[in-house]
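Heads up, the thing below is written out as structure tokens.
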Amino acid sequence: MNPQAKLIFTISLLMGTTITISSNHWVMAWAGLEINTLAILPLISKSHHPRAIEAATKYFLTQAAASALVLFSSMTNAWYTGQWDITQLTHPTSCLVLTAAIAMKLGLVPFHFWFPEVLQGSSLTTGLLLSTIMKLPPIALLYMTSNTLNPTLLTSMAILSAALGGWMGLNQTQIRKILAFSSISHLGWMTIIIVYNPKLTLLNFYLYALMTTAVFLTLNSINALKLSTLMTTWTKTPALSAMLFLTLLSLAGLPPLTGFLPKWLIIQELTKQNMALAAVALSILSLLGLFFYLRLAYCATITLPPHTTNHMKLWHTSKPTSSSISILTTVSATLLPISPLISTMI
């Protein structure tokens, strides 16, 4: 792709995100979401591969439907209450339609089917954008309207997302699909707490984005798309493979790594809200995710492929690792000791 075109699309992406997260009026928020969608489409389909074109088409249709539902929800609310302010969403039908629209935008169950397919058809860098920055505007809208949304509906969707995200990721061999189901599972954790402690949702999202960025950039650096290719990367960059191992375990939420912090705080908050059953359900379902993260980590560092003749070993590279990857992987593994400071901020 032309560098100038890529620059324009990236600026449009940042501009659309900024417009949505900083707006008070529903039409401005909707316009930001539309700019975002139109900016990411060329980045998804830039390889001109049939799978990439299919992914871009699926993404466009899903996001267009979700944007229409956002507009319909806000117009219904304005019709009944005369308010276009995002924080004044009070009509029950509007709240229900908006919950469906944001679930579709994010890829929450039962509107999750598009996300693994789109991520599989995209490159790793575009997949990184889809998993992190494209999730920020819908989460910002969820944050601003959280006090009026139905807690029972959000809790049900969250537990289903954690269950299906973990369950469907078990049998995958494509790394991008595994990361897509991981994203769905993490969104379940973010959604369940949004009504009770919205700042905790934002903290979870920021830490998830940090760890996912580290994983995607590492995979892009070692050029691994399948588990079978991941098995041979330890010969190329042993140190980076070791850090990928820690980052994946952090994404799984194992103590004493960074990823344990949001899960710990969310379980604590759910217990305070007399939702111990939901906390237990989420904790058990996170074991499903732990299995496929361990599988990825095992393939990256510990095992050799069973048929070694079919896989050519890669030469050890002396090329230095990017400083951004080094910083992100280190932070992804070592942020837990400052959790008292983080908990005072929320």
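Each residue, glycine too, has its Cβ placed from N, Cα and C.
Heads up, TrEMBL stuff is auto-annotated, nobody curated it.
Fair warning: this is a prediction, and the values are worked out from it, not measured in the lab.
Feature annotation from TrEMBL assigns domain 'NADH:quinone oxidoreductase/Mrp antiporter transmembrane' to 23-288.
The annotation domain 'NADH dehydrogenase subunit 2 C-terminal' is assigned in TrEMBL to 290-342.
Among the features that TrEMBL reports, transmembrane segment is placed at 56-76 (among others).
Annotated transmembrane segment per TrEMBL: 96-115 (among others), in sequence order.
According to TrEMBL, the feature transmembrane segment maps to 152-171 (among others).
Look at TrEMBL and you will find 178-197 (among others) tagged as transmembrane segment.
As annotated by TrEMBL, transmembrane segment applies to 203-225 (among others). Same-chain residues lying 6+ beyond the ends of the transmembrane segment (203-225) with a Cβ under 8 Å from its Cβ atoms: 124-125, 127-128, 131-133, 135-136, 139, 174-176, 179, 182-183, 186, 189-190, 193, 233, 236-237, 240-241, 243-244, 247-248, 250-251, 258-259, 261-262, 265-266, 321-322, 324-325, 328-329, 331-332, 335, 342, 346.
Non-local neighbours of the transmembrane segment (237-255) in the same chain are 182, 208, 211-212, 214-215, 218-219, 221-222, 262-264, 286, 289-290, 293-294, 296-297, 300-301, 316-317, 321, 325-326, 329-330, 332-333, 336; each lies 6+ residues outside the stretch with a CB under 8 Å from one of its CB atoms. Residues or ranges marked as transmembrane segment by TrEMBL: 237-255 (among others).
Listed by sequence, the residues of this chain that lie at least six past the ends of the transmembrane segment (275-294) yet keep a Cβ under 8 A from its Cβ atoms are 155, 158-159, 162-163, 165-167, 169-170, 172, 178, 181-182, 185, 188-189, 192, 248-249, 251-254, 263, 266-267. The transmembrane segment annotation in TrEMBL covers 275-294 (among others).
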